[in-house]
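Now, the feature entries from TrEMBL:
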TRANSMEM  46-64  transmembrane segment
BINDING   Gly52, Val55, Asn59, Ser298, Asn330, Leu395, Asp398, Ser399  Na(+) binding site
TRANSMEM  76-97  transmembrane segment
TRANSMEM  118-145  transmembrane segment
DISULFID  Cys157-Cys166  disulfide bond
TRANSMEM  213-233  transmembrane segment
TRANSMEM  242-268  transmembrane segment
TRANSMEM  288-312  transmembrane segment
TRANSMEM  324-348  transmembrane segment
TRANSMEM  383-404  transmembrane segment
TRANSMEM  424-450  transmembrane segment
TRANSMEM  456-477  transmembrane segment
TRANSMEM  497-519  transmembrane segment
TRANSMEM  539-559  transmembrane segment
Amino acid sequence: MKKLQGAHLRKPVTPDLLMTPSDQGDVDLDVDFAADRGNWTGKLDFLLSCIGYCVGLGNVWRFPYRAYTNGGGAFLVPYFLMLAICGIPLFFLELSLGQFSSLGPLAVWKISPLFKGAGAAMLLIVGLVAVYYNMIIAYVLFYLFASLTSDLPWEHCGNWWNTELCLEHRGSKDGNGALPLNLTCTVSPSEEYWSRYVLHIQGSQGIGSPGEIRWNLCLCLLLAWVIVFLCILKGVKSSGKVVYFTATFPYLILLMLLVRGVTLPGAWKGIQFYLTPQFHHLLSSKVWIEAALQIFYSLGVGFGGLLTFASYNTFHQNIYRDTFIVTLGNAITSILAGFAIFSVLGYMSQELGVPVDQVAKAGPGLAFVVYPQAMTMLPLSPFWSFLFFFMLLTLGLDSQFAFLETIVTAVTDEFPYYLRPKKVVFSGLICVAMYLMGLILTTDGGMYWLVLLDDYSASFGLLVVVITTCLAVTRVYGIQRFCRDIHMMLGFKPGLYFRACWLFLSPATLLALLVYSIVKYQPSEYGSYRFPPWAELLGILMGLLSCLMIPAGMLVAVLREEGSFWERLQQASRPAMDWGPSLEENRTGMYVATLAGSQSPKPLMVHMRKGTSAEGLLYARMTVSAMCIRSTDKMLSCLQGAHSSAETCLGDFKPEICGEEMTVVG
């Protein structure tokens, strides 16, 4: 069967409609396109891949800080409410789109070609994020190797990269406990190790003068891309096995760090600081916006990773159950990570004799400055440091696998007959190109570029993409149609909760986030450095470019149709002729009688002649041919039956399908 599928893709043929089933010999007439595309090989591959994709670096270095600055335990109220309103419904919507169609972020817009620009915008965003995200993994690798020593290099001052301001932040003891340190105008060894040795940021005058390439960071970035390439070498067949380790091992390390943290003196002080409810914060709109942002970015909605992973599922995979497992598991992991982080910070604050809020930071400051400093205060500090950074490595790799698989899948689904047989080479070229793009991040001023990419690549542009996707599916394609498609897959229709969220609550919440991000816009900064106006303009254009792809895609879709403007718009908004389940065996209901969205032969042929690429035309021809043959085969088999009437058998024949086939072949 697989050899036959490969032959069809390499050398497409037009089946002879005049041949009877017996004349066809032993040839299997089912053209199983999705099988050649690949599928998950194990029952847990998809679930673990989604968990690994969602549970990333942000769960460790962003959620705990966001929680304590926005009301502590009270933050969990808006957090879980936003999870219910925004997170779970959008997560389920994206999985449903991918699984129903077995297509990537570009080809899935056969559901409504008018909005294909949203898929292109998604690819641009995920490409930019993948470039700088792997740089963060390179930093983690740098620290991982640096931990393979008896004494951590950021433990003491006196190294060539240290300045006169360097002070080993260790509280001295007297009879009553720790004497508080005066940290004013001093810098910890871990902070100078990060800024002056790892980044070598003193070699740059700003984002406009990046300085020289750091060879050690360059090699770490190369290693990061090699690891990613080897893990996605065979697509989901290889990455689906890697996640059995990378998605589960972080939980073991997190548990070890948690147990070690809560047994330290002063740990309860940090945990209390982390979880003490401050309900008056709930009166601030900022807290609710922060909760929605945390949910939105933590689950990875809109990046295409969920859609891509679901597209490799079997048609009846229970993604409804998986949605709740992954989203709730992600939330619980974030809360547990907060305990592991703040227990150590509480110990650190007691050792230094300073309040917890003076040592608590978010983002890279927590991962590469504060936590490494806390590790130096523990016995066997290199061991705990190695575990911490190995956990960050596995957390980061899972998300990076998803980013790369999204890009590769999207493009190969657009050009299957050219790229699928050469998917390994194409994946390698993507990795090389992104490595070269990321070299500027390995320079002395690379951190400035990383901050710019982080602030703008997936900011308001991503919100616009997700809002567009939600409205296109529920309003243009139709909520009833979409629920019917889900019923075909899962055996039940989504309830009132999901329909209300998709139609009103989720888009309204996302729109509020978009307005808030625009109104509360603040220029980028890194420490005391303020970005120049041209850099800010570049960042804004970066975000706008992804937004502009949506109207650009609409313009292209409308121009490819025929008729008046209104007729073109209607044609472009209808589902393409081959929209629906990829496997013919799953095409039931309306997908058997006609090809979805085809109301008459005329619009069908418009899509065939003007709205489809050469590859898509060939794919459509083969799909129609296969369906015609199955319909003819079914009719002839019926006529040979002893108890079947001609009228009954002819009722199973679909002449409109074969009519289209003869038109195409002719």
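Think of each number as a place in line: the chain as shown, counted from 1.
Yeah, the Cβs are placed from backbone N, Cα and C, and that goes for glycine too.
Unlike curated entries, TrEMBL annotations are predicted automatically.
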List the residues in the vicinity of the Na(+) site, defined as same-chain residues other than Gly52, Val55, Asn59, Ser298, Asn330, Leu395, Asp398, Ser399 with C-beta within 8 angstroms of the site's C-beta centre.
Ile51, Tyr53, Cys54, Gly56, Leu57, Gly58, Gly300, Thr333
Under a criterion of three or more Cβ pairs within a distance under 8 Å and sequence separation of at least 6, are the transmembrane segment (76-97) and the transmembrane segment (424-450) in contact?
no
Select the range from 118-145, 213-233, 242-268 that forms the most Cβ-Cβ pairs under 8 Å with the transmembrane segment (539-559).
118-145
Which sequence positions outside the transmembrane segment (213-233), separated from its termini by at least 6 residues, show Cβ-Cβ distances below 8 Å to it?
134-135, 137-139, 141-142, 145, 198-200, 239, 242, 397, 400-401, 404-405, 408, 424, 427-428, 431-432, 434-435, 438-439, 441-444, 446
Any contact between the transmembrane segment (497-519) and the transmembrane segment (288-312), i.e. 3 or more CB pairs below 8 Å with pairs at least 6 residues apart?
yes
Give the nonlocal contacts of the transmembrane segment (118-145) in its own chain as ranges (CB under 8 Å, at least six residues past its ends).
57, 105-109, 198, 216-217, 220-221, 223-225, 228, 302-305, 364, 367-368, 372, 385-386, 389-390, 392-393, 396-397, 399-400, 403-404, 406-407, 410-411, 434, 437-438, 441-442, 446, 449-450, 453-454, 457-458, 461-462, 464-465, 468-469, 472, 542, 545-547, 549-550, 553
Which one, from the recorded positions Val55, Cys157, has the smallest tally of other C-beta atoms lying within 10 Å of its C-beta?
Cys157
Can you tell me the CA-to-CA distance separating Asn59 (Na(+) binding site) and Cys166 (disulfide bond), as a whole number of Å?
31
Counting all other Cβ atoms within 10 Å across every protein chain shown, which of the recorded positions Cys166, Leu395 scores highest?
Leu395
Take the Cβ of Asn59 (Na(+) binding site) and count every other Cβ within 10 Å, whichever protein chain it belongs to.
23
C-alpha of Ser298 (Na(+) binding site) to C-alpha of Cys157 (disulfide bond): distance in Å?
37
If you count Cβ atoms within 10 Å of each one, which of the binding-site residues Gly52, Asp398, Ser399 comes out on top?
Gly52
